[in-house]
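According to TrEMBL, the protein carries these features:
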- A:E470: active site, proton donor/acceptor (ACT_SITE)
- A:E479: active site, proton donor/acceptor (ACT_SITE)
- A:Y345, A:K354, A:Y355, A:E426, A:D454, A:M455: S-adenosyl-L-methionine binding site (BINDING)
- A:37-311: domain 'PRMT5 TIM barrel' (DOMAIN)
- A:317-499: domain 'PRMT5 arginine-N-methyltransferase' (DOMAIN)
- A:502-667: domain 'PRMT5 oligomerisation' (DOMAIN)
- A:F348: site 'Critical for specifying symmetric addition of methyl groups' (SITE)
There are 2 protein chains.
Amino acid sequence: MPLGQRPGDKSESRYCGVETEFHDDMPHLLTESLSGGFDFIVAPLIDPSYRPSCMTNGGSGSSVLPVAASDLILSPSQWSSHVVGKISSWIDLDSDDEKVRLDSEITLKQEIAWASHLSLQACILPPPRRASCGNYAKCVNQILQSTNNMQLWLRVPLQKSEPMDDDSANANSDFSGGSMFDSWEWWNSFRLLCEHHSQLCVVLDILSSLPSNNSVGRWFGEPVRAAVIYTNSFLTNARGYPCLSKRHQKLITEFFNHSVQIVISGSLLHDISGESIKALPANDDDSHLEVIPPRHALRPYLDYVAYLYQRMDPLPEQERFELGYRDFLQSPLQPLMDNLEAQTYETFEKDIVKYSQYQRAVCKALIDRVPDENASTKITVLMVVGAGRGPLVRASLQSLDVLRIKVIILQAAEETARKLKVYAVEKNPNAVITLHSLVKLEGWEDIVTIISSDMRCWNAPEKADILVSELLGSFGDNELSPECLDGAQRFLKADGISIPSSYTSFIQPVTATKLYNDVKSHKDLAHFETAYVVKLHRVARLAPCQPVFTFTHPEYSKKSNERYKKLCFEIPSDSGSAVVHGFAGYFDATLYKDVHLGIEPSTATPNMFSWFPIFFPLRTPLFVATGSPLEVHFWRCSSTSKVWYEWCVTSPTTSPVHNSNGRSYWVGL
Amino acid sequence: MPLGQRPGDKSESRYCGVETEFHDDMPHLLTESLSGGFDFIVAPLIDPSYRPSCMTNGGSGSSVLPVAASDLILSPSQWSSHVVGKISSWIDLDSDDEKVRLDSEITLKQEIAWASHLSLQACILPPPRRASCGNYAKCVNQILQSTNNMQLWLRVPLQKSEPMDDDSANANSDFSGGSMFDSWEWWNSFRLLCEHHSQLCVVLDILSSLPSNNSVGRWFGEPVRAAVIYTNSFLTNARGYPCLSKRHQKLITEFFNHSVQIVISGSLLHDISGESIKALPANDDDSHLEVIPPRHALRPYLDYVAYLYQRMDPLPEQERFELGYRDFLQSPLQPLMDNLEAQTYETFEKDIVKYSQYQRAVCKALIDRVPDENASTKITVLMVVGAGRGPLVRASLQSLDVLRIKVIILQAAEETARKLKVYAVEKNPNAVITLHSLVKLEGWEDIVTIISSDMRCWNAPEKADILVSELLGSFGDNELSPECLDGAQRFLKADGISIPSSYTSFIQPVTATKLYNDVKSHKDLAHFETAYVVKLHRVARLAPCQPVFTFTHPEYSKKSNERYKKLCFEIPSDSGSAVVHGFAGYFDATLYKDVHLGIEPSTATPNMFSWFPIFFPLRTPLFVATGSPLEVHFWRCSSTSKVWYEWCVTSPTTSPVHNSNGRSYWVGL
């Protein structure tokens, strides 16, 4: 049964498995495990003493595989829902002994074929037994080319830069890595050989000591499906119960948040008497379990994992809303070239946080613009350019209310309230219709003038004190705010204010296997040279963000909106080597003075949901060895009809320039 | 006019150019150079003092480019045949000064556009001025995407690991590289950014000191179009004439052999009086030049280059025959699945060297097999499997003649001549027809029995003493000789002899830009996972060959014909870093005892032309830094219907396994 109910969480991490030894009574094994509270078993499918070469040479002519159970012993749904196959751990496909190598190859293929026949969802491949695993990867790659939907999970220890100790004995690996061992490099090499095959995933063996946080962080950009925790990794609390170290607890929680399933392995090492069961920090739902007589030996560990699951906070509403968007690539909007749909306006208008930031900015600008003594006489001309269905008009007008409330609170003279004249300029004729209704509905007819025109060609009847716009994309300038505002600043007074007054884009290198595979699945160049809007989730952020392009408004220097920036990232050396699948992009905008809004992670405006990050992929995953600098170039280019980005890497290795001349991805002017 | 007539040489290296300064009398410049014996000029197209930003700011409103000559001044064919454009050398696209950068970018685009308008065949791009040239490459890449057929030749000094000295002043480069400077890395980074664009080529500036041979060797895998020799790189011989060092001479000769044109640059530094002209080591044809009055100032250098050209040996006949095949990718034959055509038989039957090796092998085998005393009674059964149109039957029978001649020479008894019974087994019914005619024509009816059958299923009426076959491909086993001979050895006596008795394949890593681009031009994965037969020419062999797979015949061990080999190459450290586009493959076969034949370069059988090397491409060019080992894996795999290779690299970086399950390239059984 699931570890617990966590509102909003529909991920597989609710399910917990148990690793078992080879057993020829599968039904018993399964019943015992399921009734003991586990959701699935990780079980060997073939007698581990089987060797193909012995069968043919010394055998009695019978060449029936010594399987744990025939397919008829369990129902198809039992096999596929509750059994993860475990490939014989003795196999060694890179052995120097050719006989061992051939036996291993045959066994691997036979076991996978059998698992596939049983329609298992996944098989776990044992860890490579040597640093070089070229032949193992080649055979797995061959199998992946012709396997149905079954996933293959390569098992590797979560370990870096330390020789293996006894804790890894359960991992069935006799690898004797030197002091520079990093299991992530093993995995990386294996999956590169297998060409990032989408059915090749990872199982991590969690040992009692954990590598650095940065090093562990790399795994969150990888397709980790399960984490095996050994009973000997558990500590013992004061009352004799198993528990985990703080760092292990934090790690398990992160696994839960990244849809990684937990598997318990090993034997009972904590002797708990029956009486103390009720003292367990488990949830109340578990109480009914006591009617089932034989308690599973590993139940105390399962209970502890369930406790960790249940004590997590429920997913915040915004996260729950965005669940469906996680790691889902979307094409960026083209609001200048295309007209947005009502549904799109609807979604973005709900972003209360964003509009309250605008309202604060307009407030501050009004106060600065109009001294208290002129408030009653001076009418401030405010133009909302790109008014859409009116949210910025509303925010601007609400700023008047705010000022009025302030007047009341401060007991100031009523005259200090500011007066506004608003122009709402919008090029989308459909949105203009809604604007008219809104103005009528709200009774703003005296204050608001609606202009149905592209701001770049409107001939304004007067000049504005304040120009308010929200033309920002996930990467700041990528929806062509600079070009639009260059067109609009003709009708801004020389000392007028633009809100926003500036914005800056940011990037950081990321590992994002899922995104890379999704881009790759299109099998063309164009998708590798396109930027995507995406709610980043299964992503490893490898280095802090760095600023890329900045635009300031108004801009009277006749400076071009083309830009070039060279950036050098340093991945923390305790991360180890890493693979870069592309760059996550963000923006931060200064609306007015200290009022900003943005999505750059270190300064992101909380609870704002209008923008997901942007993702610039790399055509070839880039391996960055520990300590190597990562040199990246970004260009913003333009022609008479479009604006586009080009990007490339020149260190540690050189990539092609992506999206030359905007051949694959551009934003229309 | 061309440097001279070299029989067989139709390459562009016959033509020599001269570099000129900016000159607004183009026709005069051109006439002077052509009448002076040069074939083309390398000339600036725009006044080097031009700066776009000065034009618009301080100019008189006129924005006409200050070109050297209007397009009408020369005829279109003069422009395109005799002028290579030289882009202004002041441009610095990676300057930190934005104004310089933008001026450079505009100028570059304007000059290329102008050259393109003139239909020039090529423009020379000045050397990058800094170690990092990302923006320069990005702009050139943009230009390449939209340029017609014009080539862009990036100019770089031929220099490695030494700071630039005064000799490079003419290269117009202010780059101050440290002691680790390697101009090849510059080029490599530039062309990687430009994605190996086929119109991006190199011009090498030859300085007075040359890097190591290994380092220079890398350039022969690159698209080097011209080499510039400066007058100050010439030495002075005893009589005051310019000459070059031995190493420079050798280099120039190699350039000639690789279609690289020479360009002379600089001013006259050797004062030669008119009288001594006749003493020049030039060919007689030059005598007519004396009627043309104004002798070109750089003529002595041209004459010396012409002398180097003319003193080269003519191309050997075989090379001349193979000229058209140089670097031309061909699909390997599938002689098992397809029947060869008459034309193919015709070509291969002309390879006298090959058949004489077979004849020697059969001779030795016969002598070993039949002691002199048994010669008159013992009839040796020799089977030619895969007899084709009969060349191996002929070679086998000729071995009898050889033995007979030996008998005569040694005055031995006539009886010591051996007796043969020959079976000619051939599966191609068309070739069998020719075989019958041959046997009748030669009167071999009593000796030769023709069998129209696949050797794998023929039921032989008796067993053979000697099995002769020639089923070898460029990579040895790639035409499935192992599988065929496994089938044929059923009818070989237990102590019988197979000719060949074994064969081994070899590979070596190569730089081969031309081949990579040809493979890439297909724009699909399959062509990157296919092996090609190709006469390697513009290729840099980066490390000595290493053996891959060996097959021995007869083979009674029931060993599979699948193979796996891991190889580790070390590129000599004085080569510097290198890029690997793939692996050149060869074979060597032991026919019998010390009689071998093969194409592995260090032991290749001279004057044999039946096999070109094979080329296994890599999907992504692999950068190998100085001193990094190159770890390569090769597999020979088989199923019931086909045999194929898979290959990958695991160091310095990991590639995908190529051709998994033979998805792109295989040989049918």
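Glycine is treated like the rest: Cβ placed from N, Cα and C.
Automated prediction, rather than curation, is the source of TrEMBL annotations.
Geometry remark: A:M455 (S-adenosyl-L-methionine binding site) versus A:F348 (site 'Critical for specifying symmetric addition of methyl groups'), CA distance 21 Å.
Under 8 Å, Cβ to Cβ, and six or more positions away along its own chain, A:Y345 (S-adenosyl-L-methionine binding site) finds A:G388, A:R389, A:A431, A:T434. Taking the recorded positions A:F348, A:Y355 in turn, the residue surrounded by the fewest other Cβ atoms inside 10 Å of its Cβ turns out to be A:F348. Of all the recorded positions in the list A:F348, A:E470, A:E479, the shortest Cα-Cα distance to A:E426 (S-adenosyl-L-methionine binding site) is found for A:E470. Summarising the environment of A:K354 (S-adenosyl-L-methionine binding site), the number of other Cβ atoms within 10 Å of its Cβ, over all protein chains shown, is 24. A strand conformation is recorded for A:E426 (S-adenosyl-L-methionine binding site) in the three-state DSSP classification. Counting every protein chain shown, 25 other Cβ atoms lie within 10 Å of the Cβ of A:M455 (S-adenosyl-L-methionine binding site). Annotated pair A:F348 (site 'Critical for specifying symmetric addition of methyl groups') and A:D454 (S-adenosyl-L-methionine binding site), C-alpha to C-alpha distance, rounded: 21 Å. Neighbour counts were taken as the number of other C-beta atoms within 10 angstroms of each residue's C-beta; across the recorded positions A:E426, A:D454, A:E470, A:E479, the minimum falls on A:D454. Classification of A:D454 (S-adenosyl-L-methionine binding site) by DSSP places it in coil, neither helical nor stranded.
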